[in-house]
Amino acid sequence: MRLDPRLGGAAALRLLLAAHVVAAFEPITVGIAIGAASALTGYLSYKDLYCRFAECCRSERPLNASALKQDLEEKLFGQHLATEVILKALTGFKNNKNPKKPLTLSLHGWAGTGKNFVSQIVAENLHPKGLKSNFVHLFVSTLHFPHEQHIKLYQDQLQRWIRGNVSACAGSVFIFDEMDKLHPGVIDAIKPFLDYYEQIDGVSYRKAIFIFLSNAGGDLITKTALDFWRAGRKREDIQLKDLEAVLSVGVFNNKHSGLWHSGLIDRNLIDYFIPFLPLEYRHVKMCVRAEMKARGSAIDEDVVTRVAEEMTFFPKDEKIYSDKGCKTVQSRLDFY
Ligand SMILES: Nc1ncnc2c1ncn2[C@@H]1O[C@H](COP(=O)(O)OP(=O)(O)OP(=O)(O)O)[C@@H](O)[C@H]1O
Ligand SMILES: *[C@@H]1O[C@H](CO)[C@@H](O)[C@H](O)[C@H]1NC(C)=O
Ligand SMILES: CC(=O)N[C@H]1CO[C@H](CO)[C@@H](O)[C@@H]1O
Ligand SMILES: [Mg+2]
């Protein structure tokens with residue numbers, strides 16, 4: 001059952017009463033009747049009721065920071081920096097009633113270290129339906145923008161989509177995957193939306209969230225992690241500033257890194273750079289356990305060890321970091 005919010009109060013009341021009557025015959029609608037009854041007694045607002053049946057965009061709804069924190073700490077392994085920065089960025093942005101620009105996050109790191117995984121967690125905490133929400137949009141470069149000769153088309157299409165989507169929901173979330181394979185012209189098309197404008201053609205983009213994912217800088221992040229390891233220092237002691245210095249030379253100032261021909265960095269349009277560290281053997285094991293738990297099977301440490309040992313590790317001598325992070329864990333587990 002879908003209720004239209006534009007219905008007048010009287011019409012809505014008739015609808016709700018109708019649901020109540022039907023409930024006497026049909027058990028499925030009892031839930032609806034309960035909703036109707038509580039609405040009638042003024043217990044639930046009409047909007048609350050409407051939002052039980054249709055997905056609502058509630059850009060003004062506060063972020064539950066403790067739920068996000070718990071999600072990140074429980075589900076994301078070995079990424080203390082990403083956890084810290086994402087939590088800070090999102091709570092700050094959502095607590096700000098009047099942001100001056102949309103929030104833009106750029107996630108960098110080696111394959112299979114959790115970039116898509118984190119975007120999914122973030123999306124779910126902003127819109128309960130997560131990636132399936134009408135207010136969360138995932139664009140994959142190689143899938144949605146594959147042909148160089150069609151750049152102009154992609155640019156127009158993307159601008160139209162973003163304008164349409166943000167008009168429908170100010171708190172829309174846009175995720176751009178495989179940024180390093182994206183033609184710079186495509187990103188140029190969205191640059192105006194990321195800037196400090198109050199509104200563009202009557203639409204304000206300031207409550208939207210843009211998340212960019214890429215492998216750019218992954219090798220430099222890995223090198224820093226390896227330096228720490230070789231010096232006998234703990235992974236958790238790596239700080240943001242240790243990586244910022246490395247990344248700024250290697251990626252941000254490097255116009256040929258395949259990522260930032262677009263001036264997104266020069267114009268300071270990216271709010272946070274979020275590094276993902278390469279995953280170690282112990283993290284791969286944690287991923288296997290998490291996957292077993294998700295499948296509802298008991299955790300068998302023998303299998304955990306076997307799956308983790310099937311993965312390949314680098315560098316050649318020390319074999320510390322998983323080549324593919326946790327990426328193939330799920331399919332490997334199918335064999336057991
Ligand atoms: N740090 C992590 N903690 C927990 N699970 C992880 C982590 N990293 C990866 N995984 C698991 O591995 C799967 C693949 O990871 P994901 O797709 O997020 O990698 P990615 O960083 O996007 O890699 P790529 O750069 O190759 O796209 C995830 O769905 C998740 O189940
Ligand atoms: C926030 O999330 C926590 C943990 O999931 C939960 O216990 C709490 O009730 C939530 N708070 C609100 C206001 O929804
Ligand atoms: C109204 C509008 O333009 N909606 C668009 C939102 O973005 C998706 C792509 O994720 C488009 O398919 C919709 O048309
Ligand atoms: Mg990915």
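The backbone N, Cα and C atoms fix where each Cβ goes, and this holds for glycine too.
Lifted from TrEMBL, the feature list:
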BINDING   Gly109, Trp110, Ala111, Gly112, Thr113, Gly114, Lys115, Asn116  ATP binding site
DOMAIN    279-336  domain 'Torsin-1A C-terminal'
SIGNAL    1-24  signal peptide
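DSSP assigns Lys115 (ATP binding site) to a helix in the three-state reduction. Considering only the binding-site residues Thr113, Asn116, the Cβ with the fewest other Cβ atoms within 10 Å is that of Asn116. The Cβ centroid of Gly109, Trp110, Ala111, Gly112, Thr113, Gly114, Lys115, Asn116 marks the ATP site; residues of that chain outside this set whose Cβ lies within 8 Å of it are Phe117, Asn215, Gly218, Phe276, Gly325, Lys327, given in sequence order. The least crowded of the binding-site residues Gly112, Gly114, judged by other CB atoms within 10 A of its own CB, is Gly112. Among the binding-site residues Gly109, Trp110, Ala111, Thr113, Gly114, not one has its Cβ under 6 Å from an atom of ligand 4.
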